[in-house]
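Notes follow once the structure below has been shown.
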Amino acid sequence: MNKLVIEGGVKLKGEVTISGAKNAVLPIMAASLLTDDACVIKGVPDLRDTNTMIKILRSLGKGVEFDKGIVTVTALKNTNYVADYKLVSTMRASFCVLGPLLGKLKKAKVSLPGGCVIGVRPVDLHLKGVRALGADISIESGYVLAKADKLKGAYIYLGGVYGSSVLATDNVMMAAVLANGHTIIEAAACEPEVVDLAEFLIKMGAKINGQGTPIIEIEGVGHLHGVVHTIIPDRIEAGTMMLAALITKGDILIKNVLPRHLGVLIDKLEEAGANIVKSNNSIHMRYRKPLNAVNITTLPYPGFPTDMQAQMMSLMSITPGITIITEKIYPDRFMHVSELNRMGAHIQREGPHAIVEGVKALSGAPVMASDLRASASLLLAGLAARGKTSISRIYHLERGYENIEEKLGKLGAKIWREKE
Ligand code: UD1
């Protein structure tokens, strides 16, 4: 296994180009199961997760090629309908093959994804949604078995204890596009990645309205065709780079980013005193003066993204003042707290809150990545810290950040890989 080593304290400077959004591309690749035609998906990041989805599609009978950021899913018939535990258990997003398999083949057998370090992560909303469309659901030996003679449009309230669900909205939308009649998904997730999936489905011939709002309406069609589509930029990678500029007191021009997808982060950073220059598709982050502490509460889009909580904690850990971070999506998503404290941060966890008391500086230390965004927070902390930080278990980082060492290296970071 490899670890990532960072010699901290370098001000990052230069330009960086953001890759396609991981959370958009995974369900979109799954949506290619809805047609026997070829689908061409552009701007696909080369990540562990996209490669897992390629394996899943192949295991389901699809031909898949991945070259220079373009995934081509080719037309193969007689698709297998069983998504295996070995693949699904490595990546929760693989559960979103349930909707398209059910829509296209009227049957699906998909392994339950299980929990993960950031929390329990149930799939009750996914099942509620496809059940409402007429699927008969049973759980056998760790698999969800879903069958339907035909799917019928329905009214579905999809809100849960923690609000809307991104992948449940994706799954239900993908099952409903080939159902008979009209479907209304209320309390739908509004994330830009859900909108990108809807746009992909519309290009395939689906009739969808209201994507990006809490009420999505779908009129079922009999057939979907092939499509060429470019994935939206990854707002979480872009947000991480914005914080990399601030935490290192640097100057980074971030390209291929849609600032309108980062409204709350931009607002919070401006409240903290950051200077941000936006255009339609770029963000210039230049450190000007010390920031002040700002409180954040994670919420479904357009609220503050839970996927930026850990990185924001790193920034606030060296910002003077007290920051209260409240996690309302995954109340246990605080694995990074103890690792940041090992680097000299003063952070106390109180249930779903973390109380961060800004310190003057962090000091490099050996730390362990526990999940994808926690890894990003340690990376940011390491870039800012005095001395050397080594992050082990970096396969978590490889799940979501394309060429991260190269990108940071080009900005001047002293970062390299070592064998553990
Ligand atoms: C997606 C993102 C992930 C992000 C998360 C929240 C992908 C591939 N992943 O995950 O990066 O952190 O959104 O923005 O897009 N819930 C239920 N029942 C369900 C489903 C979810 O109670 O059936 C709960 C979850 O436990 C969580 C909340 O709803 O508390 C939101 O989760 P959800 O939006 O479903 O997350 P994912 O779609 O799995």
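Including glycine, each Cβ sits where the backbone N, Cα and C put it.
Unlike curated records, TrEMBL annotations are generated automatically.
Features as listed in TrEMBL:
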- 7-408: domain 'Enolpyruvate transferase' (DOMAIN)
- Lys22, Asn23: phosphoenolpyruvate binding site (BINDING)
- Arg92, Arg121, Pro122, Val123, Asp124, Leu125, Asp307, Ile329: UDP-N-acetyl-alpha-D-glucosamine binding site (BINDING)
- Cys116: 2-(S-cysteinyl)pyruvic acid O-phosphothioketal (MOD_RES)
- Cys116: active site, proton donor (ACT_SITE)
Cα separation, Asn23 (phosphoenolpyruvate binding site) to Leu125 (UDP-N-acetyl-alpha-D-glucosamine binding site) (Å, whole number): 18
C-alpha spacing of Asn23 (phosphoenolpyruvate binding site) relative to Ile329 (UDP-N-acetyl-alpha-D-glucosamine binding site), in angstrom: 16
Pairwise CA distance, Lys22 (phosphoenolpyruvate binding site) versus Asp307 (UDP-N-acetyl-alpha-D-glucosamine binding site), rounded so that it is a whole Å: 12
Cβ neighbour count within 10 Å of Leu125 (UDP-N-acetyl-alpha-D-glucosamine binding site): 23
Residue among binding-site residues Lys22, Arg92, Arg121 with least C-beta crowding, 10 angstrom cut-off: Arg121
Other C-beta atoms that fall within 10 angstroms of the C-beta of Val123 (UDP-N-acetyl-alpha-D-glucosamine binding site): 19
Set of same-chain residues at least 6 away whose C-beta sits under 8 angstroms from Asn23 (phosphoenolpyruvate binding site): Ala93, Val166, Glu191, Glu193, Asp234, Ile236
Distance-selected binding-site residues near ligand 1 (C-beta under 6 Å), from Lys22, Pro122, Val123, Leu125: Pro122, Val123, Leu125
Average model confidence [pLDDT] within the domain 'Enolpyruvate transferase' (7-408): 95
C-beta crowding around Asp307 (UDP-N-acetyl-alpha-D-glucosamine binding site), within 10 angstroms: 24
Residue with minimal Cβ packing [other Cβ atoms within 10 Å] among the binding-site residues Pro122, Asp124, Ile329: Asp124
